[in-house]
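Pulled from TrEMBL, these are the features on record:
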type	residues	note
SIGNAL	1-29	signal peptide
DOMAIN	76-108	domain 'LRRNT'
DISULFID	Cys77-Cys83	disulfide bond
DISULFID	Cys81-Cys90	disulfide bond
DISULFID	Cys335-Cys368	disulfide bond
Amino acid sequence: MALPCPLITGTPTMRPLWLLVALLALSQALPFEQKGFWDFTLDDGMLMMNDEEASGADTTSGAPDLDSLPPTFSAICPFGCHCHLRVVQCSDLGLKTVPKEISPDTTLLDLQNNDISELRKDDFKGLQHLYALVLVNNKISKIHEKAFSPLRKLQKLYISKNHLVEIPPNLPSSLVELRIHDNRIRKVPKGVFSGLRNMNCIEMGGNPLENSGFEPGAFDGLKLNYLRISEAKLTGIPKDLPETLNELHLDHNKIQAIELEDLLRYSKLYRLGLGHNQIRMIENGSLSFLPTLRELHLDNNKLSRVPAGLPDLKLLQVVYLHSNNITKVGVNDFCPVGFGVKRAYYNGISLFNNPVPYWEVQPATFRCVTDRLAIQFGNYKK
């Protein structure tokens, strides 16, 4: 069953029990039913849109089986932390280092919002049952090459908003989800993800990554379902990402065009995010390599026309084209000619904030839309 990428971090007042309950609930969610699938770039917890289809990626295990673990060492809890049901919450304490005396049966360790600058060799010694490690918003710039060695069951590593200049070495082979956005990473070398056969989701946006920063083969061996490289310095769509991807988010970059074979490798995509770029041109035929695409974000670009090829995407349901330079919408720009060709009708088309004379758009243009409320027009302001 595919495992989405739920966000278990939260506000400083979050209770430890809530963390574990949320983790257990989300791990048992149906594939790609994203009621608990959080948008990584938002801290206020806005939910992403639901999708009815499975993501197609498999994982070998879900949340930890608490009944199979040894008895809780309830008397062991680091000073100032909250410990309950194998959850250790040490967030917002001004910690400079990883605390000692963490119970060996801990499954979730929350160290976010502290001042930790280094992860040392024995910081996680004995934590062989740890399932999730939250290190968001610290000052980590150095990680010992064996720091994660004891974490043989770790599946979720959240180490965003730190000072890392490279992806940590020797990540646990059990890892399913890695959030490393908002660091200072400029390079993804070949082999850095070697051996991570269970990895399903990587969030690495908010790093100063350019296209040249990805070495050939950097993602070799990965069978990712979800990848986000938003808010970086990409000028084109990377061509060597995992071909297993169901979701690819490259929003808030500097991409200027989509050329014919840019998407050739990504035929399994359900959702493609390219909003907030500088895209002026999408070459004819580029979108034909995405037969399973359901959602396409091209808002806040510089397109002057509706991209060619949308009527041929039989499963496409959502298209964001608002805030572009589109001046005309043709009667066959969205819907195929003839009935019974499109397998899923549109439930969302956004065209607002474009210089389109909307009164000239023919009603038949949206003949394959479920409801007129699904079409978003709006005033254009120069």
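Cβ atoms are placed via backbone N, Cα and C, with glycine included.
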_Those disulfide-bonded residues of Cys83, Cys335, Cys368 having Cα within 10 angstroms of Cys90 (disulfide bond)_ = Cys83
*Using Cα coordinates, what distance in whole Å links Cys77 (disulfide bond) and Cys368 (disulfide bond)?*
59
*CB neighbours of Cys90 (disulfide bond) within 10 A?*
25
*For the domain 'LRRNT' (76-108), the number of residues DSSP places in helix, strand and coil*: 0 helix, 7 strand, 26 coil
*Do me a favour and check the Cα-Cα span between Cys335 (disulfide bond) and Cys83 (disulfide bond); whole Å is fine.*
56
_Rounded to a whole angstrom, what is the C-alpha distance between Cys83 (disulfide bond) and Cys368 (disulfide bond)?_
54
*Roughly how many Å separate the Cα of Cys81 (disulfide bond) from that of Cys368 (disulfide bond), to the nearest whole number?*
56
